[in-house]
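If you check TrEMBL, you get these features:
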DOMAIN    4-259  domain 'DUS-like FMN-binding'
BINDING   GLN54, HIS153, ALA207, ARG208  FMN binding site
ACT_SITE  CYS83  active site, proton donor
Amino acid sequence: VVRCTLLAFRSLVRKYDCDICFTPMIVAADFMRSIKARDSEFTTNKADRPLIVQFAAKDAMTLAGAASAVAPFSDGVDLNCGCPQRWAMAEGYGACLINKPELLSDMVRQVRNQVENPNYTVSIKIRIHKDLKQTVDLCQKVQAAGVSWVTVHGRTVDERHQPVHYDAIRTIKDSLSIPVIANGDVKNLRDVESTYLRTGVDGVMAARGLLANPAMFAGYEETPLECVWDWVDIALEHGTPFTCFHHHLIYMLERVSSQPERRVFNALSSTSAVIEYLQKTYGS
């Protein structure tokens, strides 16, 4: 969900029972190199807590430096070791890191050493290996290095829409003493409950499911109109660019609008046109 979980959207899901939010993935090297990148990639406020800042990084010192920069304004950093996109893998980021347990352990230790706050968390988000023994070994090594928790997307790097391997997540959970968070195909509260029952994890993360329904954790089956108007208010308050404002509404209205309605809505090109459409179609 790169470019999606910005401050405005995090503010929305927090209104609907989301316990903890993550920033979009930020490339740590760019973040450290450029003031412009820091200003555009990371925005928060006092109500935006607890907050985890997720970084893409491939060396320990860069990650530790980025963690130190955001530590006063957040509750932890998360290293993305699960992104399967080609550009990330080619640059040495994301899911290719699951094959480098020693590097990951060093990265965790360096953040621990550099951030003074002992309560500041350091976590990783991974995909699983085809040989699950490798994943268990990886997780045990980062646990020994001091990682706070591990989030497991229950698919391999090559899998996209295949079923989630819940048995693999349970095996990882049973092999660790730290918290384990499950991720993958969480679209409603029933999925949260069934994932917990099948894996025994300590928490459940949702990404695309929350884009489609930001009120999911509050028990709504589809985005309620109240949530739509909450998004309009929050987005306008934060000065959200139109593309982002519109993009989120396209996701949110997908299940509650007809195909002809979606065709009209998706072609709108201004904030005023979107608000007028929403008022005419759904009422204020």
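Glycine too: its Cβ is placed from the backbone N, Cα and C atoms.
Positions of the features from TrEMBL, shown on the structure.
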| residue | record | Cβ neighbours (10 Å) |
| --- | --- | --- |
| GLN54 | FMN binding site | 22 |
| CYS83 | active site, proton donor | 22 |
| HIS153 | FMN binding site | 26 |
| ALA207 | FMN binding site | 14 |
| ARG208 | FMN binding site | 14 |
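Taking only the Cα positions, the spacing between GLN54 (FMN binding site) and the residue listed as 'active site, proton donor' is 12 angstrom. Note: the Cα of ALA207 (FMN binding site) and the Cα of CYS83 (active site, proton donor) are spaced 13 Å from each other.
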